[in-house]
Amino acid sequence: MRKLTLLPLLAVAPAASAAPRTLMELDPFAYILIELGLIIAAVVAGHLLARRLQLPVILGELLVGMVIGNFLYWSELSPLFFLIMHLGDASLLFREVWISGASVVDAAGRIFTPEELAPGGTGARLIDILVGDEGPGFLLMGSALWHFSNLGILFLWFRVALGMRIEELLGAGMRALMVAAAGAVAALGLGLVVLDWLLPGADFSTRLLLASGLVPTSASIALPLLEGFKARHGSVVALATGAILVADVLAVLLVSTAVTLVQGGQGLAGAWGQVFGVVAYLAAILYLCRLAPRWELPWLAEMEQYQALLLLPLGLAFLLAWIADLLSLSSLIGIFGAALLLNALDIEKRCGGKVSTRDLMQPLTQVFAPVFFVLLGMQINLIDFFSLQVLAMGVLLAIAAIGAKLAGAWLVARGTEGWLLGWSLVPRGEMALVVAVTAKSLGVMSDDVYAAFMLMVIATMLAGSALLRRVAEAVPAEPVAEYSSD
């Protein structure tokens with residue numbers, strides 16, 4: 001019997017002792033497996049780094065991605081790592097091939113400049129990689145990374161949007177609305193001014209998209225920190241929580257509209273038609289949201305919980321995203337509309353209220369979101385950080401991002417309350433990173449600006465979380481009393 005158990009091992013022994021298979025002899029799916037294996041290993045390392053250094057988890061994933069990505073890129077172990085570092089350019093190329101049906105060479109000639117197509121340029125290197133002897137394998141791996149990145153954006157956006165309920169927005173309180181609106185206007189205004197100076201050749205829609213990345217506050221960073229100070233600073237925590245919710249809603253609308261304008265490619269002159277399309281689409285969704293509570297939907301009771309709360313919402317989100325894209329709008333608007341409609345339907349309550357769609361989506365976001373953040377880090381060339389121009393751009397963007405939120409808070413609160421409220425709104429995270437990768441994939445953000453934008457995100461993460469802790473510990477605790485965000 002013991003000999004029988006060795007038969008499987010003996011059977012695979014000849015294969016194991018054979019000569020190693022070349023890249024082109026591998027199963028095509030093996031390319032994707034090795035990508036996922038390496039990136040998920042980097043995710044685990046990022047989590048450990050964040051825990052050891054008491055950093056936000058997102059920052060740990062970004063930093064590990066930067067270190068691993070640059071090591072592999074500069075070691076030149078494989079053309080794959082050049083493809084990852086320049087995934088934004090590769091995404092443009094994949095998109096052009098998909099839309100036009102042209103060959104890789106012809107598509108590259110349409111989107112890259114003569115300098116980039118010259119020997120040694122980014123465009124020329126990508127052509128060599130994708131049409132060479134091992135091109136099919138690298139094309140498969142590159143397209144897989146493109147899909148992972150886009151799915152990461154959609155899952156992140158959907159999960160953020162599911163946390164935005166109209167009734168909670170209206171119940172946030174007037175002071176929270178004022179803080180969020182003031183911070184959003186200040187961030188957008190300062191961002192446009194700084195970007196107009198830094199990018200004089202960029203059109204308005206591009207500057208609007210990049211400036212909109214300064215508007216949102218990272219709820220995943222700020223809210224856990226605020227929860228720890230709730231007992232000492234209850235009223236400020238309630239006010240900040242409401243302001244973060246409102247700011248994120250404003251950011252979703254702003255970013256979705258800006259992406260639509262960039263994709264339209266019509267500049268300021270044709271922007272009104274795009275804006276009208278966004279408003280009309282959202283008006284239709286809000287009209288359906290008013291009708292949704294009256295829909296009985298008896299067939300929901302016949303569905304299993306994961307089907308009603310996970311598969312149905314995801315299917316609706318993808319369908320509305322496709323419809324939005326069909327109407328020349330951003331798919332992000334479709335995702336946002338699906339979340340509003342699902343919240344109006346209140347499917348969780350109809351299915352017993354024991355678990356939510358966000359809870360069931362947690363495993364998906366716990367895989368795709370970290371992979372997305374590590375990939376973002378792997379696209380940052382550390383050499384760019386040694387450029388005085390990049391450092392100056394990053395510092396200016398960080399000053400605008402931090403100053404806008406502090407100014408918005410001080411319009412409503414003064415003294416220690418104003419500082420505590422302001423620093424709680426400073427950290428940027430998921431949505432700012434979505435803006436960065438979206439802008440890069442649309443070809444409106446250069447490597448220098450991308451690195452500067454990432455510096456801004458990292459600076460606000462570190463400064464916001466560190467100074468929020470310091471201010472909260474230094475400010476005397478509030479008297480025990482009932483508090484409200486009104």
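Cβ coordinates are placed from backbone N, Cα and C, and glycine is handled just like the others.
Annotated features in TrEMBL:
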type	residues	note
DOMAIN	40-465	domain 'Cation/H+ exchanger transmembrane'
SIGNAL	1-18	signal peptide
TRANSMEM	28-50	transmembrane segment
TRANSMEM	57-75	transmembrane segment
TRANSMEM	144-164	transmembrane segment
TRANSMEM	176-198	transmembrane segment
TRANSMEM	204-226	transmembrane segment
TRANSMEM	238-259	transmembrane segment
TRANSMEM	271-289	transmembrane segment
TRANSMEM	310-340	transmembrane segment
TRANSMEM	360-378	transmembrane segment
TRANSMEM	390-413	transmembrane segment
TRANSMEM	449-468	transmembrane segment
Mind checking which residues of the chain, 6+ beyond the ends of the transmembrane segment (238-259), have their Cβ under 8 Å from one of its Cβ atoms?
-> 157, 160-161, 163-164, 168-169, 172-173, 175-177, 179-181, 183-184, 188, 205, 208-209, 212-213, 215-217, 219, 222-223, 226, 274-275, 278, 282, 329-330, 332-333, 336, 409, 412-413, 420-421, 424-425, 431, 434-435, 438, 442, 483-485
Under 8 Å, at least three CB pairs between the transmembrane segment (57-75) and the transmembrane segment (449-468) (pairs 6 or more apart)?
-> yes
Of the listed stretches 204-226, 360-378, 390-413, which one has the most C-beta pairs under 8 A with the transmembrane segment (449-468)?
-> 390-413
So, do the transmembrane segment (28-50) and the transmembrane segment (360-378) meet, by the test of 3 or more Cβ pairs under 8 Å (sequence gap 6 or more)?
-> yes
For the transmembrane segment (310-340): best-contacting stretch of 144-164, 176-198, 204-226, 271-289, 390-413, by Cβ pairs under 8 Å = 144-164
Is it the case that the transmembrane segment (144-164) and the transmembrane segment (390-413) have 3 or more CB pairs under 8 Å, with pairs at least 6 apart in sequence?
-> no
Long-range CB partners for the transmembrane segment (204-226) (under 8 A, at least six residues beyond its ends), listed in sequence order, are 56-58, 160, 163, 183-184, 187-188, 190-192, 195-196, 237, 240-241, 243-245, 247-248, 250-252, 254-255, 258-259, 261-262, 264, 267-268, 271, 397, 400-401, 404-405, 424-432, 435-436, 438-439, 444-445, 449, 453, 456, 461, 464-465, 468-469
